[in-house]
Amino acid sequence: MSEEKKASDAAGVELVSGSISLPSAEENTLDEPVSTTILRDLRLVGGKLRVVLMPSNTSEETLKALRDWDLWGPLLLCLTLSIMLSVTAPAAQSAMVFTGVFVVIWVGAAIVTINAQLLGSSISFFQSVCVLGYCVFPLNIATLVCMLAKVVVSHILLRMIIVSVGFLWSTRGTSLLMTVL
């Protein structure tokens, strides 16, 4: 029996050896150009938007992309929706519309996430906020279509149908993605 084994048995402690390096750690990106970083992040955001557009395609790669959370995409989507809705609002109310939409989306995502965690969900806080933020994308599309349709036809029923489709699309994506994660 080796000396280390005898010493560890006598003290009741086992010696541990190994490496503390992380095999999944990515390459160092501190010295890459900012444009490369932005393009890489935009590609990741685009991939997550495709997942939201087609939420029934839940392959392992898709789930891996969603588990790797970020807040850039949800922030951009929230800002885009807030800006589009504030532009279409009357001038006196545009700041209030922007603020209201922005706060409701982020506070709503936080409340839904806290509720999910209190009910025993294993999803992390930021991962849930990320998924909920990306699921705002169909509402962005619906808002853009309504803005373009308003130029052609300003019929309220048409706009209501477009927004309903966007809402149902967002809700379906959220429910499918949150149950998978």
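Every residue gets a Cβ built from N, Cα and C, even glycine.
Feature annotations, reproduced from TrEMBL:
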type: DOMAIN; residues: 51-171; note: domain 'Yip1'
type: TRANSMEM; residues: 71-89; note: transmembrane segment
type: TRANSMEM; residues: 96-119; note: transmembrane segment
type: TRANSMEM; residues: 125-149; note: transmembrane segment
type: TRANSMEM; residues: 156-178; note: transmembrane segment
(message) Which sequence-distant residues neighbour the transmembrane segment (96-119)? Criterion: at least 6 residues beyond either end, Cβ under 8 Å.
(response) 74, 78-79, 81-83, 85-86, 89, 125, 128-129, 132-133, 136, 178
(request) Helix, strand, coil: count each for the residues of the domain 'Yip1' (51-171), based on DSSP. (result) 98 helix, 0 strand, 23 coil
(message) Using a Cβ cut-off under 8 Å, which residues of the same chain at least 6 positions beyond either end of the transmembrane segment (156-178) come close to it?
(response) 51-53, 55-56, 58, 66, 116, 121, 123, 128, 131-132, 135-139, 141-143, 145-146, 149-150
